[in-house]
Amino acid sequence: MSVYVITGASKGIGFGFVKSISEDPANLVVGLVRDKAATEKKVAEELGGRTNIHILHGDLTSYESLKQAAADTAKIVGERGVDYLVANGAYPSQFDAYVPIGALGDQVEELEEVSAKLFKTNVVGNIHLFNLFIPLVKQSKAKKVIAISSGHGDLDWINNNDIEISSLYGASKAALNVVVAKFSVQYKPEGVLFFSLSPGAVEVGHYDNVSPEQVQGLMGFMGKIQAYAPHFKGAVPVEDAVRTIRATWERASIETGYAGAFVSQHGNKQWL
């Protein structure tokens, strides 16, 4: 039996993790979400109210909510601790998702606001999360912390494939990767594995309501994707992504070189 804490558990990959992991009644899953009532309702309706799922309020932009979530989690898991802390929650900015960074220059206020929100949520929020939950992780058997990152934070991928879009979001994920590496350096001697993982392209509805102008931006990006990964057929269903990601984090270890690493869903640098 393993204990999992998953942030951003209300939808997308986060809810996919909750659904998949809780299928084994021996596992215990704690999901951190901003809207506790709505997520509890979703769990009851879609997962039959599985008793091995606990939903807690936890907002990456609120230190106090994360502190309370850690305290509540400690009461739930007891001496077992947290085997897997999955830092999945994030702010996926749309502001920079379709255009090059230079095209944002005239939108000064929004650029500053979005950048601040990205850093507070995707970077500082996870620093707080790790600091607050590390005592529980150290109590466990598995001792694994997985940060869900993005290929947009990989410098080689950006430079080698001329990836222009998602500049601010990518910068926040690159910063998260550095944070994870720093935590790894600190806690590796105590047997805690920290690493970052990009889930690849997953069908979670990010592009359901794009405008014609945004489609134009995506077309250029998709052309580069086809050149980078000719085998790529499009975003995969959440269920498939979760299966691949879980297989990677299960085999990941300090001994096999994952400590502080930034890898794809496959455990390498092939992002798609």
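The backbone N, Cα and C atoms fix where each Cβ goes, glycine too.
Counting every protein chain shown, the number of other Cβ atoms lying within 10 Å of the Cβ of S150 (active site, proton donor) is 25. Annotation note: S150 (active site, proton donor) sits in a coil segment as assigned by DSSP. The active site, proton donor annotation in Swiss-Prot covers S150 (among others), and the record cites similarity to another entry as its basis.
Cβ neighbour count for Y169 (active site, proton donor) (all protein chains, 10 Å cutoff from its Cβ): 24. Following the DSSP three-state reduction, the secondary structure of Y169 (active site, proton donor) is helix. What Swiss-Prot records for Y169 (among others) is active site, proton donor.
The annotation active site, lowers pKa of active site Tyr is assigned in Swiss-Prot to K173. The Cβ of K173 (active site, lowers pKa of active site Tyr) has 25 other Cβ atoms within 10 Å, all protein chains considered.
The feature NADP(+) binding site is assigned by Swiss-Prot to I13, D59, N88, Y169, K173, V202, with similarity to another entry given as support. All chains included, 20 other C-beta atoms sit within 10 angstroms of the C-beta of I13 (NADP(+) binding site).
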In Å, how large is the greatest distance between any two Cα atoms among I13, D59, N88, Y169, K173, V202, the listed binders of NADP(+)?
23
On the three-state reduction of DSSP, what should I expect for I13 (NADP(+) binding site)?
helix
Hey, how far is D59 (NADP(+) binding site) from K173 (active site, lowers pKa of active site Tyr), Cα to Cα, in Å?
18
Helix, strand or coil at D59 (NADP(+) binding site), per DSSP?
coil
Starting from each candidate's C-beta and looking 10 angstroms out, tell me which of the binding-site residues D59, V202 has the most other C-beta atoms.
V202
Rounded to the nearest Å - Cα separation of Y169 (active site, proton donor) and V202 (NADP(+) binding site)
17
